[in-house]
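Annotated in TrEMBL:
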- A:147, A:173, A:184, A:268, A:391, A:396: substrate binding site (BINDING)
- A:184: active site, nucleophile (ACT_SITE)
């Protein structure tokens, strides 16, 4: 697979010493001729300074540079944290000849610790000197935002829209959601499509609701979660509209699902990616609520860890999601095997279902209600001994 | 400690072969001269047949007998499950010379499997022959409702109310909430106080909201959760009223907290009982929502398992609970050590706090907001490697 940097972008990733390991910890993404930026952010009341800044500056018609550091989330750091985040923006803007207001900032890592601003400043200078538009620059940028991720999470797609080739390339990070050495989901989608700030904002929210808002590792919403869409507009002279805009939104959704599902697949200690499909609800929100409740059940997660087709845990989690439905209308399949229908247990061979769970990285649960026509897909990790070991490690 | 059976009660616990282990699995509790019964039940849409029956029959002014089996929850068993539960009531009523409508039933254990009714029938007969009012009968009854509990959970208290000695004795079971070999929280509080059915129902709900509704192991609400209050009325000729009724309610609350907190203390694999106190909210419900969100965070639980004073996980869990509050007004102490005040980190010695967490079975978290005067206490277990091992075991 090759990664293509969309036209109009340059980027770099460097190590500036925030991480004790010496790994890359600062990424700079630049649109020299300026572009559009939109964002979707954590709804946690306790959110980090970069979230406050980016939320105020997006959607933007005049975006120039994004600076991201890993290793320190700049969260729960009060007024000094806000000053530091603003200073990161000022330094990044100055480095590329833009104003501070044309920049955005993201941070991920340990929380409650102040940023090492001298290291950040030298990192921005080093990244500026390395800005490039080739595959190596893309990979370096993707590595610069990683924390405890076991693997780099990227996507790169090209689609024909309105007679032009539009590139969609993105990167994200996330494993556990919060912690001394990890904190938070960050994602950046980059494209050369020409879209207006208003369209960017609206379609990004819709896409997020079916991709990044449909994943969880342990259900802990972080202080820094951010998804940005950056668009250089280089692919066409006029902004996309009508069916072309719809085609772009569909391509963006495909790319975001491909990117987002890499996060639970890399959940700390995860041995299974669990896809929970809920059908037959009155609204998409009801479907999401049921799917999320199942996804957050430690009993469901551990059953899948053990390859146990324990449908009672799944059905009962649906029952306490707070969504009204007729229990006598519920069907469930596990990896395509029907185990429960119309509210009653079905005879099935547990060994066959168990083997299919144990031999596949992905476990698919399909819960069908008889209340309506809406549906959702939701993805999560299983819960393993290694997850507990990792998160119980004393770190101070 | 000695356990006192309240006046007017007799009980027994026997093994009738539902559990393969041969341990006690059937309990019968009888008030020969009749009494009052009230209940608080799971709000899970997917609930078991015994819950449907008891909910319809309480509050009752004419209660005679309660039959409980462990080893099989009779949940997700459809119409046959309902017939079986009604038959359990009929058999228990017949055994003690009462009508089926004067009886209540509870079941706990594996779900989705039909009850072995012949074993149940022989168990009811055996228990009837052993009915007694001594401490040995109380202990046998408490053991008959256990599933994967590591220890028997009981309480026994005496208080002076309205010039008489009132006895409050209770038993409960619970560890994980649902599973092939466990399922569900069951609790029975017995008293010789004289209370009306309407008072019993009202005060039991208030007491449950501050005791059994303030505990969780992994946040999975079960299909069978039931709390019953049984009152023989033998302690006084007239029903309690006014200040006497308030004094009884307070004693019942104390007893229920003592009983309920034994459940997370015995959470599967638990090494800590976590007490989460939330103060300064506008309503008790808001305090409970925040406390419950913290309690259900796998990251908070694993931090405490590891003795890690990771306040960021606690504060950020409060932030996504869905309750509006000013993050700049938040204080947090861990085992009495202030670690966060007015929305900013405090300097503290992490080793001191960690040692206090590691050396005590109980970890106390106090989160104080500045929104109002309400508060709650909530109890949960930590999350350990043994919890995952236990619940990931393949059982089919």
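Glycine is treated like the rest: Cβ placed from N, Cα and C.
TrEMBL annotations: computationally assigned, not manually curated.
Computed from a predicted structure; not experimentally measured.
Filtering the binding-site residues A:147, A:173, A:268, A:391 for a Cβ under 8 angstroms from any Cβ of chain B leaves A:391, in order along the sequence. Of the listed binding-site residues A:147, A:184, A:391, the Cβ environment within 10 Å is emptiest of other Cβ atoms at A:147.
In terms of local Cβ density within 10 Å, A:173 ranks first among the binding-site residues A:173, A:268.
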